[in-house]
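Q: Got a structure for you, questions after.
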Amino acid sequence: MNDSQNCLRQREENSHLNPGNDFGHHQGAECTINHNNMPHRNAYTESTNDTEAKSIVMCDDPNAYQISYTNNEPAGDGAIETTSILLSQPLPLRSNVMSVLVGIFVAVGGFLFGYDTGLINSITDMPYVKTYIAPNHSYFTTSQIAILVSFLSLGTFFGALIAPYISDSYGRKPTIMFSTAVIFSIGNSLQVASGGLVLLIVGRVISGIGIGIISAVVPLYQAEAAQKNLRGAIISSYQWAITIGLLVSSAVSQGTHSKNGPSSYRIPIGLQYVWSSILAVGMIFLPESPRYYVLKDELNKAAKSLSFLRGLPIEDPRLLEELVEIKATYDYEASFGPSTLLDCFKTSENRPKQILRIFTGIAIQAFQQASGINFIFYYGVNFFNNTGVDNSYLVSFISYAVNVAFSIPGMYLVDRIGRRPVLLAGGVIMAIANLVIAIVGVSEGKTVVASKIMIAFICLFIAAFSATWGGVVWVVSAELYPLGVRSKCTAICAAANWLVNFTCALITPYIVDVGSHTSSMGPKIFFIWGGLNVVAVIVVYFAVYETRGLTLEEIDELFRKAPNSVISSKWNKKIRKRCLAFPISQQIEMKTNIKNAGKLDNNNSPIVQDDSHNIIDVDGFLENQIQSNDHMIAADKGSGSLVNIIDTAPLTSTEFKPVEHPPVNYVDLGNGLGLNTYNRGPPSIISDSTDEFYEENDSSYYNNNTERNGANSVNTYMAQLINSSSTTSNDTSFSPSHNSNARTSSNWTSDLASKHSQYTSPQ
């Protein structure tokens with residue numbers, strides 16, 4: 001008796017299963033995993049009745065096994081159905097820890113922004129500052145307040161515009177360090193040393209340049225480093241840090257505003273050295289953006305950076321697939337030539353709907369600043385004083401605390417619900433709150449009841465802003481754009497933010513204050529903010545695409561495929577579904593690694609789902625939930641543990657489908673590391689397939705054509721990669737395992753293409 005028969009007999013005795021040694025539907029006696037031939041370790045057949053049988057083929061590789069379902073009863077035309085599923089044990093789980101820690105740490109740049117913004121609100125109301133810094137030694141005039149507050153934003157506007165030239169030339173990481181340790185610190189030193197209004201303004205302009213660079217590069221760095229399922233929350237942490245900075249500045253200023261000396265303003269300003277030093281020194285230990293390395297064709301460094309950020313070994317197939325996807329998309333875009341600042345405003349084949357994308361980013365940044373939020377944070381203390389509110393400092397502090405608290409649910413909602421719903425809901429609530437404040441302020445005047453109502457709705461407005469527009473705007477404006485122009489577009493959006501900020505800060509005192517050459521609108525200004533909120537909601541509805549859950553590269557495909565923003569959520573789901581609905585006959589990861597596959601009616605998470613099969617982990621699955629045409633099986637992984645599988649597919653067919661062990665597409669990156677490309681090619685490469693099926697939302701298109709389309713996409717990518725990679729990498733820090741010499745980019749891509757051809761050629 002051979003080993004296989006012994007194995008079968010033992011399994012019959014232990015498992016009370018009917019042994020079977022007829023695997024006629026299995027082609028050959030070996031299974032192929034990553035093209036290494038391995039004999040069967042054991043096999044058995046479980047017969048549930050006379051017409052159905054379920055066969056499991058175990059391989060000597062403990063990480064893989066194949067399950068097949070066979071209907072022994074011929075259909076009407078004599079056909080027999082066999083469904084084959086090749087499963088593997090879970091790959092090592094990705095670690096989100098480093099991506100989260102890196103994203104939150106660089107958000108300290110937002111803390112600097114918020115701290116400096118909130119500081120000026122308190123400093124201009126300090127008794128010592130009014131007496132010794134104000135030119136007339138008693139108070140600041142409307143024009144002086146306007147210049148002192150707004151000129152920080154003037155500096156940030158120019159800082160944001162120069163940011164892409166520095167970050168694309170020297171990297172995201174050095175740019176953040178330089179702007180923090182050098183530019184911002186110089187401006188801060190001038191503010192600390194100032195004994196008059198002029199030097200204080202000059203210092204704020206220079207500090208503003210540093211903050212402007214930070215505001216353009218930090219969200220960009222966060223977007224390029226984060227995993228797609230965490231990107232929204234991580235970028236939103238930038239806004240959360242801004243709110244914390246505002247709160248801390250208010251607390252510090254309350255502690256020093258009554259001091260009768262220069263320390264009243266120098267202490268809160270000087271503390272900015274601490275925050276800037278933390279960011280500058282900490283950046284030394286963080287990796288550069290992997291997409292920047294791809295931009296510079298330093299692929300080995302990009303792989304190392306991804307390894308650090310994803311918590312995966314450098315040879316992990318998921319990490320390498322992500323690297324290939326980034327490289328493919330960038331090379332496709334770069335094949336159209338170098339990009340300039342004007343390309344940010346040009347739609348082309350490699351940058352679909354680019355005009356709409358840049359308009360969207362600029363518009364939402366502008367409406368964020370014109371929402372009324374900075375009026376409260378810049379002039380809140382003075383406004384509360386003028387409307388009869390007692391202890392305006394305390395009310396201002398409470399508003400900052402609300403801002404911090406409600407930024408936290410916003411970090412959750414942006415990835416859970418999506419960008420569009422959050423922006424739309426937030427805009428509506430903000431509009432209502434602003435209009436109520438205006439109506440109450442105009443109709444009731446300076447009464448106690450009116451003050452309480454206004455404070456309550458101001459807090460409601462701040463809560464809505466913090467949870468929605470505060471963070472989501474930075475998320476959208478950082479992720480909308482192709483890699484070739486991403487830094488430039490992000491900088492333009494940040495510059496738009498600061499330009500509107502500057503304009504609002506400059507003109508608001510003239511609109512609100514009472515006196516000559518002013519409009520004396522008072523609470524009526526909230527009618528303006530409320531009206532702008534309504535316009536913002538309309539713009540979001542018709543311009544903002546839903547990008548939740550997509551990689552930065554898949555967002556390009558979204559804009560290429562989705563005809564408009566209104567139905568972009570539908571197309572977003574299509575793209576995400578296509579990424580998961582690859583043929584079930586190919587290698588798949590277990591449910592621990594596929595968390596976004598969706599839910600069935602019974603609320604069990606499927607491993608993979610398509611129109612024909614729902615392969616579900618049924619650990620703990622209630623027996624009464626199994627339908628009559630469902631088939632359940634327990635697969636032994638060889639270590640004593642079982643994986644419970646249920647297949648809801650009917651076991652009849654009109655054509656014979658023999659079980660095959662399909663080859664897993666295997667790509668060698670030229671450094672001895674393998675990559676499974678089983679599900680799809682790089683998304684930005686235009687597929688050879690027709691789009692009619694895609695546009696008709698026929699899910700069978702994905703199921704039946706994914707393998708073919710994936711191969712076409714990857715093959716197209718390989719050809720483009722070879723043609724476009726004429727430059728060489730200067731990186732010699734990484735030596736491939738099979739070659740001690742550093743390889744050029746062309747060698748790297750040649751190996752990639754040749755290995756791909758080797759493993760995807762007809763067998």
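Note: Cβ is positioned from N, Cα and C throughout, glycine not excepted.
Okay, so Swiss-Prot annotates it like this:
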TRANSMEM  100-120  transmembrane segment
TOPO_DOM  121-144  topological domain 'Extracellular'
TRANSMEM  145-165  transmembrane segment
TRANSMEM  176-196  transmembrane segment
TRANSMEM  198-218  transmembrane segment
TRANSMEM  232-252  transmembrane segment
TOPO_DOM  253-266  topological domain 'Extracellular'
TRANSMEM  267-287  transmembrane segment
TRANSMEM  358-378  transmembrane segment
TOPO_DOM  379-393  topological domain 'Extracellular'
TRANSMEM  394-414  transmembrane segment
TRANSMEM  422-442  transmembrane segment
TOPO_DOM  443-452  topological domain 'Extracellular'
TRANSMEM  453-473  transmembrane segment
TRANSMEM  492-512  transmembrane segment
TOPO_DOM  513-524  topological domain 'Extracellular'
TRANSMEM  525-545  transmembrane segment
COMPBIAS  725-737  compositional bias 'Low complexity'
COMPBIAS  738-763  compositional bias 'Polar residues'
Q: Report, as numbers and ranges, every residue of the chain located at least six residues beyond the transmembrane segment (358-378) whose Cβ falls under 8 Å of a Cβ in that stretch; write 'none' if there are none.
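A: Sequence-distant neighbours of the transmembrane segment (358-378): 117-118, 120-121, 149, 246, 344-345, 399-400, 423, 430, 434, 458, 461-462, 465, 469-470, 473, 476-477, 480-481, 489-490, 492-494, 496-497, 499-501, 504-505, 508, 512, 525-526, 528-530, 532-533, 535-536, 539-540, 543-545.
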Q: Note the mean pLDDT of the topological domain 'Extracellular' (379-393), expressed as a whole number.
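A: When the pLDDT values over the topological domain 'Extracellular' (379-393) are averaged, the result is 69.
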Q: Taking residues 6+ outside the topological domain 'Extracellular' (253-266), which of them lie with a CB under 8 Å of any CB in it?
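A: Same-chain residues near the topological domain 'Extracellular' (253-266) but 6 or more away: 118-119, 122-123, 125-129, 132-133, 192, 195, 393, 397.
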Q: Most CB pairs under 8 Å with the transmembrane segment (422-442): which of 100-120, 198-218, 394-414, 492-512, 525-545?
A: 525-545
Q: Apart from its near flanks, which chain residues at least 6 from the ends of the transmembrane segment (394-414) lie with a Cβ under 8 angstroms of it?
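A: Sequence-remote neighbours of the transmembrane segment (394-414) are 118, 121-122, 232-233, 236-237, 239-240, 243-244, 246-247, 250-251, 254, 376-377, 380-381, 384, 422, 455, 458-459, 462-468, 470-472, 475, 548.
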Q: Can you name the far-off residues of the same chain, 6+ from the ends of the transmembrane segment (145-165), with a Cβ under 8 Å from a Cβ of it?
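A: For the transmembrane segment (145-165), the far contacts come to 116-117, 120, 124, 175, 179, 183, 187, 197, 200-201, 204-217, 378-379, 487-488, 490-492, 494-495, 497-499, 501-503, 505-510.
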Q: Under a Cβ pair cut-off of under 8 Å, which of the recorded stretches 100-120, 232-252, 525-545 contacts the transmembrane segment (267-287) most often?
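A: By Cβ pairs under 8 Å, 100-120 leads among 100-120, 232-252, 525-545.
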Q: What parts of the chain pack near the topological domain 'Extracellular' (121-144), using Cβ distances under 8 Å and only residues at least 6 beyond its ends?
A: 194-197, 200, 249-250, 253-254, 256-262, 264-265, 268-269, 377-382, 393, 396, 509-510, 513, 515, 517-518
Q: Between the stretches 100-120, 232-252, 492-512, 525-545, which one has more Cβ pairs under 8 Å with the transmembrane segment (198-218) than any other?
A: 100-120
Q: Given the cut-off of 8 Å on Cβ pairs that are 6 or more apart in sequence, determine whether the transmembrane segment (232-252) and the transmembrane segment (525-545) share at least 3 such pairs.
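A: They do not touch: fewer than three Cβ pairs between the two stretches lie under 8 Å.
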Q: If we skip the immediate neighbours and take only residues 6+ beyond the ends of the transmembrane segment (525-545), which ones have a Cβ under 8 Å from one of its Cβ atoms?
A: 356, 359-360, 363-364, 367, 370-372, 375, 419-420, 423-424, 427-428, 430-435, 437-438, 441, 469, 476, 480, 508, 511-512, 555, 558-559, 562, 564-566, 568, 572
Q: How does the topological domain 'Extracellular' (121-144) divide up by DSSP, counting helix, then strand, then coil residues?
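A: Counting residues by DSSP class gives 12 helix, 0 strand, 12 coil.
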